[in-house]
Amino acid sequence: MSKKLSLEERLSLATKKGRKKNKRSTSNLSSPSPVVLSNNEQESARTSIDDAAAGVVSIDNAENIDDPAVRSESTVEGDTGKADSIAVDDVVHPDHNRTDCFDDTMVSLPTWLPKNYTEFTVEELVKEISPEYLRLNKQIDDLTNELNRKSQIETTDSSFFKLIKEKDDLIDQLRKEGAKLAETELRQSNQIKALRTKVKDLEYEVSELNDSSAQSVENYNELQSLYHNIQGQLAEATNKLKDADKQKESLETLEKNIKEKDDLITILQQSLDNMRTLLEKEKSEFQTEKKALQEATVDQVTTLETKLEQLRIELDSSTQNLDAKSNRDFVDDQQSYEEKQHASFQYNRLKEQLESSKANWDSIEYALNTKIVNLENRFESTMKEKNDIEEKYQTALRSSETLGKQLEKEKENHSKAVLEVKDLERRAETLKSSLQSISDDYNLLKKKYEIQRSQLEQKENELKPHQENSNEKIIDKIPVELTDSLNSMEGNIEDEWTLPQENSMLSLSMSKLGELESDPSLKPIYNESHETICSEESQHFDRKNVDFSIDDIPEEAAALQAIREGESMNSLNNTSIPYRRASVQLSNSNGHISAHLVNKLSTELKRLEGELSASKELYDNLLKEKTKANDEILRLLEENDKFNEVNKQKDDLLKRVEQMQSKLETSLQLLGEKTEQVEELENDVSDLKEMMHQQVQQMVEMQGKMR
């Protein structure tokens with residue numbers, strides 16, 4: 001046949017074949033034999049069912065043409081379907097030629113076939129045909145029973161026994177192919193279950209990564225706000241540091257001035273000590289001179305008094321002599337009178353000088369005594385002030401010692417803080433190394449996963465053509481298996497898609513799941529869109545009604561081949577497993593589902609990998625910014641401590657400067673007062689010397705005149 005016939009043509013040809021065979025059987029036999037009629041009816045029913053099944057396959061292929069992945073395979077499956085159907089027809093009708101089957105007239109479709117059967121899916125069409133299918137099955141059972149009854153009579157027909165043997169061989173072959181198909185379906189379903197469990201694990205890990213990324217984002221926002229606050233504090237601290245630098249410069253200038261003034265104070269103290277010594281020397285000299293002058297004055301006064309007494313005596317004697325001689329000579333009286341007047345005048349003059357000198361000496365003595373008392377009082381006050389200054393100086397030294405101790409304590413605290421910072425840096429380095437090891441483990445896991453995925457895709461691509469060819473063969477050979485399959489059908493057709501649980505690969509998948517869960521190299525993979533992925537995947541898997549786990553995927557291709565060989569051996573050993581003929585359609589749908597799921601899983605995994613890389617980069621950036629912020633915080637804390645120390649030192653220096661300024665002012669006041677006192681004393685001493693010199697000169701002159 002050059003072209004593939006449609007379902008209507010196949011059904012019409014099947015009805016024609018049945019009519020022709022009925023006519024031939026009635027013409028050859030003299031009496032109508034029920035055995036021949038039953039054989040012809042059986043063959044016509046089988047051919048009609050064969051054509052119906054081929055039509056169903058053609059409809060399924062027409063529906064699958066819309067899928068681009070199946071479009072290329074459908075042509076090959078159609079050709080193989082043609083060849084298999086021709087082979088089955090040749091086996092069933094070895095004595096008839098194919099050219100007799102064609103006729104120009106077209107026969108209408110059977111009444112039990114719905115008119116809009118082309119719009120139905122495979123499952124709906126099977127549900128519609130199933131009652132007629134059961135009826136035909138009953139007819140076939142009745143015919144087979146009659147055939148078995150008549151087979152004892154017609155033992156001479158060798159071609160009939162050959163046909164039965166060939167059909168038995170076909171049944172055995174179809175059973176083997178069905179067992180293989182069940183094994184492949186079971187393997188693929190287990191793989192899909194493994195992939196699904198793996199996807200669920202990945203989604204759980206993605207949710208955990210979303211939570212951790214959200215927490216890291218919150219930490220990052222907090223660090224940013226803290227960083228901005230610290231930047232503001234840093235700006236304020238820099239301004240304060242600038243002010244502190246200016247104040248430090250002013251303090252340095254003040255310290256220089258203080259040092260200069262300290263030097264001046266020491267020099268002035270030395271000069272003051274020298275002046276004190278000179279003052280004491282001059283005071284002692286003054287007292288000695290005073291004593292000498294007092295003694296000299298006393299001597300002079302005594303001498304003057306003696307002289308005055310002598311002059312009185314002489315005057316009395318002279319007066320007596322004058323009175324005695326008054327009578328002698330008048331001229332002599334006049335001369336003596338002049339002499340007496342001159343002597344009395346000198347006497348009065350000397351007496352006045354003596355009284356004035358006494359008054360002067362009394363005033364000088366009083367002034368000197370008052371000055372001496374004042375100087376002694378001032379000296380005592382200066383000594384008291386000196387003691388007070390020394391006490392203040394001692395207190396300042398003690399305060400400086402306490403400040404030095406506090407400075408040492410602050411230095412120790414600073415060294416401890418530096419050690420803590422170093423410990424924190426070491427911890428940060430260890431965390432970085434652990435993060436690097438985790439990233440390396442993740443990269444290794446990613447490479448393993450890529451290898452496993454590539455191996456899985458390769459094996460899927462290898463399994464697809466074999467699966468499609470086996471499906472076509474089974475579909476073309478369904479009529480041979482109808483008797484056995486319909487006897488095993490019970491209840492609803494949808495409940496017969498599953499295989500027995502004792503022959504599944506659950507133990508193998510659980511063992512592989514335990515091995516992969518105990519693998520330490522597996523790390524969680526994170527994603528941001530966990531809820532959307534869960535909803536999409538749950539809808540998809542609920543719609544397709546498929547469970548799978550990625551834990552069943554081995555790490556190497558050799559392990560995968562070993563698992564498949566083990567599965568095939570288990571399936572061959574368990575040849576007595578009852579399987580369902582409706583698994584043909586399920587294999588096709590599962591093939592498309594597995595290909596669709598593999599494509600979707602690959603796209604989802606690529607998206608997850610991209611989001612994982614982005615989240616990893618974000619996490620690395622956050623870690624870098626966190627370390628920078630921590631370093632900045634530590635630096636700002638150190639600068640803040642330094643600034644506080646500088647403020648304390650500034651306050652201490654200001655206090656010391658104020659104290660030194662007050663001391664300088666008091667010392668300068670004392671120096672000024674003492675210099676004034678020294679100048680006054682020098683002036684007084686010079687005045688006394690001049691007065692004493694004048695008095696001595698006057699006394700010398702008076703003595704010269706008296707002589």
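Just so you know, the numbers here start at 1 and follow the chain as drawn.
Each Cβ is built from the backbone N, Cα and C atoms, and glycine gets one as well.
Noted from Swiss-Prot: of Ser72, Ser284, Ser434, Ser571, the annotation phosphoserine belongs to Ser571.
Considering Ser507, Ser529, Ser549, Ser583, the record held by Swiss-Prot lists Ser549, annotated as phosphoserine. Residues Ser74, Ser189, Ser437, Ser589 are shown; Swiss-Prot lists phosphoserine for one of them, Ser589.
In Swiss-Prot, the feature phosphoserine is attached to one residue out of Ser317, Ser576, Ser662, namely Ser576.
For the annotation phosphoserine, the record in Swiss-Prot points to Ser568 among the listed residues Ser399, Ser454, Ser568. Predicted-model confidence for the coiled coil (594-706) is 78, expressed as mean pLDDT.
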